[in-house]
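Q: Here's a structure for you.
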DNA sequence: TGTACAAATGTTATATATTAACGCAAAGCA
DNA sequence: TGCTTTGCGTTAATATATAACATTTGTACA
Ligand SMILES: [Zn+2]
Ligand SMILES: [Zn+2]
Ligand SMILES: [Zn+2]
Ligand SMILES: [Zn+2]
């Protein structure tokens, strides 16, 4: 489970990614149990594939993987699983990449906001209400009622900058 | 030309849209002349079609229009014009809609940020540095260097809210 | 003015992304 | 058990975007 404050928005150097995936799936199991949602085999496997790394995953890469495993899989197979996972808040779509990332933030009140490193392609969510608040203030000036935010910040993460 | 402050981020009631388009094209002509860029007939026409209203325009709608006018036009015709216009900063892509809008903001220092009404589909740019600053602060906490922002806020504009 | 090079466009084909529609099967419920 | 909902398999279509190569147009310069 990632920290939500400080310097470890991106994974820390000693990141135990196996545990990271297990945690994400456990949280998904718990959340679905709690809400009476059915995390079926396909849906769970798609979620696991998305958590395979911290990079955005493309629908057709998921399709290839699922197809290789099960023999039969078509676009609807993966898009339906994605719809479910998006609806449940277990994954997010990165619009600027047409790709999907796992969500570990549990941002009930806020909207997801991403930092995306264009070198290593890792993605992290921006925590906290500061950005949402700034946007809310600007929207209010125009009498605009916000109900969805797509915020995807591209750049270079600390580790990639250090690796020059 | 839209105001960049106050309540007229979206077009005001008396908005003279013919003048609005003429202004946008005149600014494009001037900018291209100044930078030695070639605003060819196709590019200029695509820009004009995009400015036809304040809604995001889809590439294939542009293609239909161009194709109807000239007889010959294929996807590269319009995508190449869009590449040029994007590069020149004359239009922006709305990633969450796969569509394009004209830019009138001239935000040299900042990044484009959009309010998108899901009822009337009109789009306005959020002016000023407040949102960028909030994002810069959050990025800095993670040691992240920002070089691009995709900020697309969906909701209901004042006029649509008033028209209930 | 003619030629040489680069930029822009035409053209065909393909890659990538997403959804529609329909029928069957499994799961949940009375 | 029978009924109903939900999920899934399958086929096809639609939507979005790019690759590759030929041809034309514009521009610079001998
Ligand atoms: Zn991890
Ligand atoms: Zn990085
Ligand atoms: Zn206008
Ligand atoms: Zn509106």
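Using N, Cα and C of the backbone, Cβ positions are placed for all residues, glycine too.
Grabbed the feature section from TrEMBL, which reads as follows:
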type	residues	note
BINDING	B:117, B:120, B:157, B:160	Zn(2+) binding site
Q: Near residue B:120 (Zn(2+) binding site), which residues of its chain come within a Cβ-Cβ distance under 8 Å, counting only those 6 or more away in sequence?
A: B:55, B:157, B:159, B:160
Q: I'd like to know which binding-site residues lie near chain A: of B:120, B:157, B:160, which have a CB under 8 A from one of its CB atoms?
A: B:157
Q: Are there residues of the same chain, six or more positions away from residue B:117 (Zn(2+) binding site), whose CB falls under 8 angstroms from its CB, and which are they?
A: B:10, B:123, B:155, B:156, B:157, B:160
Q: So if I draw a 10 Å sphere around the Cβ of residue B:160 (Zn(2+) binding site), how many other Cβ atoms end up inside it?
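A: Within a 10 Å radius of the Cβ of residue B:160 (Zn(2+) binding site) lie 19 other Cβ atoms.
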Q: Could you find out if DSSP has residue B:160 (Zn(2+) binding site) as helix, strand or coil?
A: helix
